[in-house]
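A short worksheet on the structure shown next.
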């Protein structure tokens with residue numbers, strides 16, 4: 001019984017066989033009759049056609065001396081029971097008809113159908129030639145054959161089993177680190193999941209091509225697994241569907257497509273812009289004439305041709321091998337056969353048929369390519385025998401859905417481990433997918449900052465670090481900002497967000513930024529070695545602005561005090577003038593008594609004001625009054641001045657010091673103990689996680705202590721040991737976390753900075769965050785300050801997918817940069833020499849002196865005093881010259897007494913003011929003496945003023 005589509009053809013061949021026998025008999029040649037049991041798989045129609053053509057070829061070539069009687073069995077790949085029943089039935093019928101099969105021709109591909117056929121042939125000892133997929137270790141039923149059974153149980157791998165090996169050669173040559181291998185039903189890859197890329201460090205996925213509805217999402221999922229090298233095994237129709245299902249962005253420089261087919265037609269697909277590596281088989285040049293003859297004469301034109309001709313050559317070679325054994329007399333004369341019912345698991349016939357040698361010695365030329373058969377006995381026949389052929393490697397450029405250029409890159413000779421033969425090395429390197437990693441980040445200065453002018457659109461410390469790592473590891477990257485702006489936190493359901501979520505879902509290769517290493521994150525992702533060690537949480541607040549005033553020294557004393565001092569000054573000056581005027585012991589009332597003193601000071605109102613003013617200065621007031629009452633007033637004023645000056649000096653120093661010490665919060669404890677200033681960390685940050693967990697830990701400790709205290713099983717003594725007046729468990733973080741929730745967590749650092757700037761003296765705001773972020777904000781903003789010491793310190797590191805090979809590569813690169821002190825240079829660049837650093841005025845420190853802003857008023861006093869002195873000078877000059885009609889008189893040193901003594905008149909020379917009359921001498925004629933003229937310039941508005949006072 002033949003296959004469904006060819007059964008009538010087998011019946012039709014019976015008369016032809018009789019005619020052939022007659023022709024052979026007439027020609028005097030011996031025809032060998034061979035019975036074969038042909039077992040095929042459902043949907044493997046190409047094997048049916050090829051075997052039919054092989055039998056037709058035998059019939060049309062009598063010189064082969066073959067007459068074939070074939071029985072046909074077809075089975076399902078997933079149904080072993082029905083197939084086994086059909087085999088046993090057909091085999092039992094052949095034994096009943098005394099026509100036992102000389103050969104079992106097996107073209108099942110894989111699965112339970114192939115295993116059933118091999119178990120059947122092994123158990124009943126039937127010589128078998130199989131075209132199943134798999135190497136020796138993959139044929140489980142034939143895995144441990146005895147040398148005798150290896151002689152007649154043969155397997156030859158089909159071309160579709162050899163072609164996937166070119167993927168291994170391409171990956172090795174191009175050093176590909178990741179690959180997605182898609183295949184259709186023309187290939188069988190079940191047995192290659194482990195063996196294909198064994199001992200090659202390439203992360204790969206092998207999967208069948210999805211249907212039309214899911215094909216695009218399948219490619220998307222593979223891309224999300226960080227795969228950018230795609231291999232497609234299948235018919236040209238399947239390859240076309242896969243390429244057209246991929247997004248246009250998947251044909252950019254960071255992707256590589258390799259399509260491999262058994263067909264020999266050209267590649268076509270509706271892709272906008274792509275360059276694809278295209279591999280297809282080539283027939284042996286020495287067999288082209290025979291191949292063309294078989295195609296045209298016997299109409300074997302079905303695709304893929306390589307598979308059809310393989311089945312044709314395999315069938316013909318197996319038949320000739322059996323014929324040679326029969327004609328040589330090597331076939332056992334007492335061949336023993338048993339049925340399926342007779343088999344008990346131990347009574348397999350022990351046949352000594354050397355089918356392998358006969359198969360090797362066949363000289364019939366092949367059609368597509370010769371069979372590669374291991375030489376010697378060291379390499380097993382099964383799993384190492386195949387048809388030799390070459391694969392043509394081309395680069396196909398597709399533009400606008402049409403193939404515009406095809407360039408030859410080389411060839412590959414079918415072999416389990418053969419390398420590719422490259423003809424154009426430069427061109428094939430252009431088809432290599434650039435190593436482009438997907439980087440997700442969170443913008444946070446100075447680690448990551450947006451910069452449209454930058455090559456990647458970002459700049460910062462981490463960008464410079466990643467660029468230096470890329471120079472060492474040799475890769476490129478594309479960077480994006482994570483949508484929710486979070487590094488990654490786990491919710492109550494164990495679900496993650498932010499960068500961690502991207503890494504878990506394989507949508508990101510690298511998580512970059514000021515990302516803290518946390519224990520819970522390390523359970524789902526991996527971290528490199530730290531690139532920034534031990535960064536703690538710190539406090540950022542608004543820098544208090546100390547009000548400055550040029551006349552701040554005047555604010556030391558209140559206004560009423562200054563007024564009282566001024567009143568005391570005038571009152572004391574007035575008393576001194578009164579006491580000096582009316583005291584009989586004062587200078588002005590005892591001129592004769594004090595005429596020999598060196599200092600003669602008359603304390604009029606002007607002198608009293610001057611004395612009281614200068615008494616407050618280190619210069620002193622000068623000569624004190626002569627009278628005792630005046631001196632008592634002066635001494636009282638001195639004591640008063642000493643006390644006032646001492647008090648002013650002490651209060652001035654204290655006042656300036658206190659104004660510089662006005663810092664309400666200096667540590668986390670200070671922040672937790674007050675309620676005036678609100679505070680909160682960034683929402684979703686590691687600082688938020690720290691305070692939240694510390695509060696949770698305190699709550700758990702409280703529950704533990706409460707359970708201990710209320711435990712009824714405790715004795716009175718044990719309970720008394722737990723009795724304390726004070727609360728034994730701190731609730732510091734519980735209160736702080738509650739205050740943070742009430743204050744509201746800012747969603748971004750910009751929002752936190754704005755809230756700080758909007759702070760007032762009545763309600764301030766303090767931000768708790770990573771010290772590096774705060775330090776940079778203080779560096780670039782003159783109105784912010786960093787308060788207190790860091791706490792909860794932890795390192796920053798680069799995040800990668802769990803199990804990613806990037807971890808070790810980045811670790812080595814970071815350590816190299818650390819040894820070269822590159823990381824220190826980056827810190828220096830971004831935290832000390834940054835272009836955006838503001839030149840802030842240095843705030844007053846406790847160790848600094850008084851600033852000019854607070855003491856500059858004294859210089860203004862000097863300038864005002866000098867200005868007033870200049871104005872007074874001008875006034876004096878004006879008053880002297882224009883307001884008084886003063887006259888200058890030269891008075892001869894004479895008195896009325898001298899006049900009376902000498903008997904001469906008084907000589908007076910009166911001139912207008914400003915004019916001087918010089919008189920050298922006057923001569924007293926009476927006594928003959930010369931008197932020197934006394935030259936005196938005196939303002940004389942009224943001569944009566946020269947009258948002496950008694």
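Glycine is treated like the rest: Cβ placed from N, Cα and C.
Among the residue ranges 491-514, 587-610, 635-658, the one that TrEMBL annotates as transmembrane segment is 635-658. Range with TrEMBL annotation transmembrane segment, chosen from 540-559, 560-579, 660-679, is 560-579. For the ranges 805-829, 830-854, 855-879, the feature annotated in TrEMBL as transmembrane segment maps to 855-879. Taking only the Cα positions, the spacing between residue 340 (disulfide bond) and residue 521 (L-glutamate binding site) is 62 angstrom.
Neighbour count (other Cβ atoms within 10 Å of the Cβ, all protein chains): 20 for residue 665 (site 'Crucial to convey clamshell closure to channel opening'). Over the domain 'Ionotropic glutamate receptor C-terminal' (436-833), the average per-residue pLDDT in this prediction is 83. Spacing of residue 686 (L-glutamate binding site) relative to residue 782 (disulfide bond) is 26 Å (Cα to Cα, whole number).
Listed in sequence order, the residues 487, 514, 515, 517, 518, 685, 687, 689, 794, 796 complete the 8 Å Cβ shell around the L-glutamate site centroid, once 516, 521, 686, 770 themselves are left out. Comparing Cβ neighbour counts within 10 Å across the disulfide-bonded residues 88, 782, the minimum falls on 782.
Counting in whole angstrom, residue 521 (L-glutamate binding site) lies 33 from residue 665 (site 'Crucial to convey clamshell closure to channel opening') by their C-alpha atoms. Rounded to the nearest whole angstrom, the C-alpha distance between residue 665 (site 'Crucial to convey clamshell closure to channel opening') and residue 782 (disulfide bond) is 18. Between the CA atoms of residue 88 (disulfide bond) and residue 516 (L-glutamate binding site) there is a gap of 69 Å.
Of all Cβ atoms in the protein chains displayed, 24 besides its own lie within 10 Å of the Cβ of residue 516 (L-glutamate binding site).
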